[in-house]
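What Swiss-Prot says about this protein:
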DOMAIN    1-206  domain 'Glutamine amidotransferase type-1'
ACT_SITE  Cys79  active site, nucleophile
ACT_SITE  His181  active site
ACT_SITE  Glu183  active site
Amino acid sequence: MMIVIDYDAGNTANVLRALAQVRVEARLSADPQEILAADGLILPGVGAFPTAMQELERRGLVSVIQQAVADGKPLLGICLGMQLLLESGLENGQSSGLGLIPGVCRRIPDQAGLPVPHMGWNDLQMQQSSALTASLEGQSVYFVHSYYTDVPEEYLDVTADYGLPIPAMIHRGSVFGCQFHPEKSGAVGLGILEKFKEYVYENTARY
């Protein structure tokens, strides 16, 4: 069973629908015991970094997520969920993140002819491979975001060009992030969720 973490940050119905398409048994939950008992976790999200972290704190889920990862639980952050994986974010001041991947979430700089938010389809460029990134070079996926994850190169798997290399996928150990929306990215996005499913159940078999 996978748990989609519930913290009122939107797009959960689309994520659950996409997981069902790749035959993943999943449900939405904010229950700490269910999160800690899950085979894998998905942290979706749209909205503002500080508001999301405040809601995770209010629900007592920050330490729960950190404990689940420390226990070896695979975690996939999507869009805002990926940004929250970092140490901090600079939206409306500086806020602490989950601290699972080193880095800072920064606003995409204003550039001529490139509106912010970065919205729509963009092509992926491979930087290094991970369990989720096979056959992604040149594939097109759907983005909607105004902030990007500034992470050390060792955690950067895939980028998209938007005047600067925008981190599209990152990972550290069993923690993965997609800045784009796999649930809105057609067959390519479903393929990434399928790979996460395979990774989760390979991980489960080791315990």
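From the backbone N, Cα and C atoms, a Cβ is placed for every residue, glycine too.
Its own atom aside, the Cβ of His181 (active site) has 21 Cβ atoms within 10 angstroms in the protein chains shown. Residues near Glu183 (active site) in space but far in sequence (CB under 8 A, at least 6 apart, same chain), listed by position: Asn11, Asn14, Val15, Arg17, Ala18, Ile78, Gly189, Leu193. Other Cβ atoms within 10 Å of the Cβ of the residue listed as 'active site, nucleophile', summed over all protein chains shown, number 27. A distance of 6 Å separates the Cα atom of the residue listed as 'active site, nucleophile' from that of His181 (active site). For the domain 'Glutamine amidotransferase type-1' (1-206), the predicted model reports an average pLDDT of 97.
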